[in-house]
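Taken from TrEMBL as is:
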type	residues	note
BINDING	B:63, B:66, B:161, B:195	[4Fe-4S] cluster 1 binding site
BINDING	B:233, B:236, B:261, B:267	[4Fe-4S] cluster 2 binding site
BINDING	B:276, B:295, B:298	[3Fe-4S] cluster binding site
DOMAIN	B:63-206	domain 'NADH:ubiquinone oxidoreductase-like 20kDa subunit'
DOMAIN	B:228-309	domain 'Cytochrome-c3 hydrogenase C-terminal'
């Protein structure tokens with residue numbers, strides 16, 4: 001975790017300015033490196049495809065008219081789901097790699113410092129801020145503590161869960177001798193009846209839908225209300241503090 | 001019931017079956033087990049030289065549908081299995097002996113074929129109240145099961161009862177009915193789930209064990225791979241309709257008459273491992289989906305407790321209401337959506353009032 005006091009923030013801005021040769025006057029810190037940004041958008045697209053196709057796979061589509069041999073719509077929907085699943089998985093693996101190779105902020109979504117008292121005080125402040133009790137938001141270079149909490153549990157863990165359960169379900173189609181089954185077959189020791197696995201995979205979808213709602217709303221809201229760039233930061237990589 | 005020392009070949013020759021018919025039978029069995037042409041010779045050789053495997057068939061808490069299925073096997077005919085291939089030394093249902101005479105066979109087999117006989121169990125033991133819910137020969141069935149399992153070579157758990165628990169183990173399970181593998185933990189157990197299992201699957205499994213003198217390869221859940229490694233869905237003849245996106249929407253609609261996929265009617269073919277869509281029933285005549293009704297997953301763990309047979313998702317009862325994952329998820333996402341909208345509205349109002357104050 002980085003120190004979040006105003007002095008430290010100014011220092012972070014200054015240090016970053018020295019490194020990148022930018023003016024410290026603008027109050028800009030380089031937070032999201034290019035690979036993180038690229039991953040973010042590819043990941044977002046994959047989740048969009050996975051969510052939509054997943055919903056259709058789960059509930060079925062309106063019956064196609066005409067000859068059976070002319071249609072392969074459900075097959076194509078499933079193919080898109082599997083394809084996007086691979087994209088998501090490879091992206092996630094890359095993102096774990098980048099947590100080690102990238103800047104300190106790149107690690108933030110992979111842990112929560114639950115053991116630090118100060119972290120909890122800061123979470124409490126964020127809760128007060130979102131409950132309209134605290135008048136001023138604290139500023140953070142990367143995710144705020146509450147965002148980090150949501151990121152870790154609703155995104156990182158949820159996506160990992162979806163990857164594992166997803167590949168286990170995929171292994172049902174590829175068969176007992178496939179590498180998917182070798183790697184993920186253990187999931188069926190937890191849920192011997194794969195119907196339960198489908199049920200959990202559906203619940204995972206709704207967890208991620210809920211996350212996306214909160215994620216997009218708070219990103220836009222904080223961009224406007226707390227006088228720092230959020231939305232443009234995931235495009236340019238830079239966080240600007242506007243006062 | 002004949003002595004176990006005789007070979008299968010010896011028995012059928014005595015019954016007047018020609019050597020030619022015997023070899024035909026071996027080829028057929030090899031084919032039904034999915035083995036190559038060479039295996040027919042191996043089977044013939046085994047049946048000519050190996051003494052028949054003694055089998056003890058016991059009944060716990062069950063409905064006898066497994067036996068009903070078993071006696072309808074067409075390939076091989078069950079009479080061949082029972083009278084020739086194996087030495088079925090004890091089966092309370094179809095044996096001639098009764099009472100003390102019958103019980104004596106158990107002790108005799110245990111002593112004479114220690115570690116050599118196969119214990120086939122239909123149904124499961126209830127454990128509550130010291131096993132008093134199922135009394136067999138004056139003793140709780142669980143005691144009889146433990147005693148006979150002790151000296152057996154392997155155990156075949158016939159049906160969903162013995163494999164998973166089935167209806168008598170459905171919530172709240174008042175008798176404490178427990179699948180075999182939770183009671184006997186020190187013997188190899190083959191699970192042959194299904195309510196009942198397919199007749200040909202049962203007899204083919206017995207053929208395999210008698211032929212090769214060993215157990216077939218089992219999957220992670222202890223089921224023979226040769227019959228349970230694929231889902232109903234994987235071999236379903238309606239699969240092209242699934243891939244095309246052609247579904248039955250309500251019973252008796254146009255799609256149902258055209259024989260479209262029953263996915264939306266809650267068919268559990270995609271989550272059920274069994275051989276129904278390949279082997280089919282009643283000598284290969286039909287199976288549930290072919291008759292127009294979805295699979296309801298009778299060979300899967302806890303299939304009575306997963307909610308409706310017409311819903312592909314498990315019913316979740318933790319919320320006090322009965323709902324499935326999609327209903328709960330959609331409600332949660334909707335609630336969060338509303339909360340987000342309300343929060344945005346409050347934020348906007350606050351900003352407006354602040355701006356005005358400035």
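Including glycine, each Cβ sits where the backbone N, Cα and C put it.
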Long-range Cβ list for residue B:276 ([3Fe-4S] cluster binding site), cut-off under 8 Å, min separation 6+ in sequence, same chain only, gives B:198, B:232, B:287, B:288, B:289, B:295
Roughly how many angstrom lie between the C-alpha atoms of residue B:63 ([4Fe-4S] cluster 1 binding site) and residue B:298 ([3Fe-4S] cluster binding site)? 14
Proximal residue to residue B:195 ([4Fe-4S] cluster 1 binding site) among binding-site residues B:233, B:236, B:261, B:298 (C-alpha distance): B:298
Around the recorded [4Fe-4S] cluster 1 site (B:63, B:66, B:161, B:195), other residues with Cβ within 8 Å of the Cβ centre, ordered by sequence, are B:62, B:64, B:65, B:122, B:123, B:158, B:159, B:160, B:166, B:196
My understanding is the cutoff is Cβ-Cβ under 8 Å with a sequence separation of 6 or more in the same chain; which residues meet that for residue B:261 ([4Fe-4S] cluster 2 binding site)? B:238, B:239, B:241, B:242, B:246, B:247, B:248, B:267
Give me the Cα-Cα distance between residue B:233 ([4Fe-4S] cluster 2 binding site) and residue B:298 ([3Fe-4S] cluster binding site), rounded to a whole Å. 14
Listed binding-site residues (B:66, B:195, B:236), ranked by Cβ neighbours within 10 Å, top entry: B:66
Spatially speaking, which of the binding-site residues B:66, B:161, B:236 is closest to residue B:298 ([3Fe-4S] cluster binding site)? Use C-alpha to C-alpha, please. B:161
What is the total of other Cβ atoms whose distance to the Cβ of residue B:63 ([4Fe-4S] cluster 1 binding site) is within 10 Å? 17
How big is the gap, in Å, between the Cα of residue B:236 ([4Fe-4S] cluster 2 binding site) and that of residue B:66 ([4Fe-4S] cluster 1 binding site), rounded to a whole number? 24
Excluding B:276, B:295, B:298, please set out which residues of the same chain place their CB within 8 Å of the center of the CB atoms of the [3Fe-4S] cluster site, keeping sequence order. B:194, B:232, B:268, B:269, B:272, B:274, B:287, B:288, B:296, B:297, B:299
Near the Cβ of residue B:298 ([3Fe-4S] cluster binding site), how many other Cβ atoms are there if near means within 10 Å? 24
